């Protein structure tokens with residue numbers, strides 16, 4: 001009985017992910033990574049000349065400003081980039 005209770009507690013902790021971390025897509029979207037502490041935004045960077053093709057994706061703490069050549073899109077939910 002104690003073993004069953006302990007198993008349920010462990011499963012609950014794993015499922016709830018008590019130390020929540022943001023998950024951001026990598027360059028190829030089916031793959032993602034958990035962000036480090038303090039990195040609370042996902043970002044997608046692409047060239048303005050080719051807006052449909054992302055150049056880089058990942059985790060970041062502050063969304064960079066876009067320029068004439070490069071555009072950044074940031075969001076704060078799991079796998080949103």
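Every residue, even glycine, has its Cβ placed from backbone N, Cα and C.
Over in Swiss-Prot, the protein carries these features:
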- 1-21: signal peptide (SIGNAL)
- 24-42: disulfide bond (DISULFID)
- 35-59: disulfide bond (DISULFID)
- 63-74: disulfide bond (DISULFID)
- 75-80: disulfide bond (DISULFID)
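Everything Swiss-Prot records as a feature, shown here on the structure.
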residue: 24; record: disulfide bond; DSSP (3 states): strand
residue: 35; record: disulfide bond; DSSP (3 states): coil
residue: 42; record: disulfide bond; DSSP (3 states): strand
residue: 59; record: disulfide bond; DSSP (3 states): strand
residue: 74; record: disulfide bond; DSSP (3 states): strand
residue: 80; record: disulfide bond; DSSP (3 states): coil
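Take the CB of residue 74 (disulfide bond) and look out to 10 A: across all protein chains shown you find 16 other CB atoms. When each of the disulfide-bonded residues 42, 59, 75 is scored by how many other Cβ atoms sit within 10 Å of its Cβ, 75 comes out lowest.
The disulfide-bonded residues listed here (42, 63, 74) include 42, 74 as those with a Cα within 10 A of the Cα of residue 80 (disulfide bond). In terms of local Cβ density within 10 Å, 35 ranks first among the disulfide-bonded residues 35, 80.
Here the Cβ of residue 63 (disulfide bond) has 14 other Cβ atoms within 10 Å, regardless of which shown protein chain they belong to. Straight-line distance linking the Cα atoms of residue 75 (disulfide bond) and residue 42 (disulfide bond), rounded to a whole number, equals 5 Å.
For the pair residue 42 (disulfide bond) and residue 59 (disulfide bond), the C-alpha distance works out to 5 angstrom.
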